[in-house]
Amino acid sequence: MPSLARVAAPLAAAGLVLGGLAAPTAHSAPAAPTSSYAALGDSYSSGVGAGDYLPDGGDCKRSANAYPSLWHRAHPAAEFAFAACSGATTAQVLGGQTSVLNADTTLVTISVGGNDVGFADTIRTCVLGDDRDCADAVATGTAYARDRLPADLDATYARIRLLAPRARLVVLGYPRLFEPGGCLFGLSEAKRRVLDEAADILDETTAGRAAAAGADFADVRERFAGHGVCGADEWLHGVTLPLDESYHPTATGQAKGYLPGLVAVVG
């Protein structure tokens, strides 16, 4: 979940005259973008696992198939700042990503919190350890989600509000990673169950703090239902290479899970 790039999409100049549409003259000034969109957050927003990484994204692994890229392509009139980065925590959003915001920003999306609670380390423990090791690691992460993450999220959302006072803020949650029942390969059912329960706790915490900040919350769990790891039609990677793409949405998961979640909120 568990380097900033700005991609500008200026409008072509156009002259609208009474009674018809006139071609722009040589002196016409380009029209300003009608809106400004900033995509902040972690790897679930940068698009790790979705491929087609943008050349200027570096280790942030910003994908042309990530939901921010897909939404922007459908709304090309918006200026676009793609700041989400693999591995980002709330502190890293505050420390760098929010620099792309300004008084003209009209839409901000963010997924964050998974790295604060130690998502990557928890998954590693669950893959390499036994059921008890996994349960203990999950318990540590969920305790952080309940006790400390709310303040981290409050500070993050407040900073966004301060820097982009006109913006609509949309917070996107995380999917449950696994489908219930038997699975030929991968983690035991006990491990999968506690990890899915942890995703619910993280989403409940995030949704609550988003509401307190006056933000919209896009819950993607139902959209991913039936498409988790061990499902018949997976929209999430299991253990894969490169390893950092493990347990992240595929390009299909971004297009059919995350993008519709955002569109349902903002259109």
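Every residue, even glycine, has its Cβ placed from backbone N, Cα and C.
What TrEMBL records for 1-28 is signal peptide.
Look at TrEMBL and you will find 39-255 tagged as domain 'SGNH hydrolase-type esterase'.
Taking all protein chains in view, 31 other C-beta atoms sit within 10 angstroms of the C-beta of Ser43 (active site, nucleophile). Among the features that TrEMBL reports, active site, nucleophile is placed at Ser43.
Marked as disulfide bond by TrEMBL: Cys60-Cys85 (among others).
The disulfide bond feature in TrEMBL is assigned to Cys126-Cys134 (among others). Around the Cβ of Cys126 (disulfide bond), the same chain contributes Asp133, Cys134, Ala137, Val138, Leu187, Lys191, Leu195, each under 8 angstroms and 6 or more positions distant in sequence.
Per TrEMBL, the feature disulfide bond maps to Cys183-Cys230 (among others). For Cys183 (disulfide bond), other Cβ atoms within 10 Å of its Cβ number 16.
In the three-state DSSP scheme, His248 (active site) is classed as coil. Taken from TrEMBL, the feature active site covers His248.
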Length of the line joining the Cα atoms of His248 (active site) and Cys60 (disulfide bond), in Å
14
Cys230 (disulfide bond) - helix vs strand vs coil (DSSP)
coil
Which residue, out of the disulfide-bonded residues Cys85, Cys134, Cys230, shows the minimum number of other Cβ atoms inside 10 Å of its Cβ in this structure?
Cys230
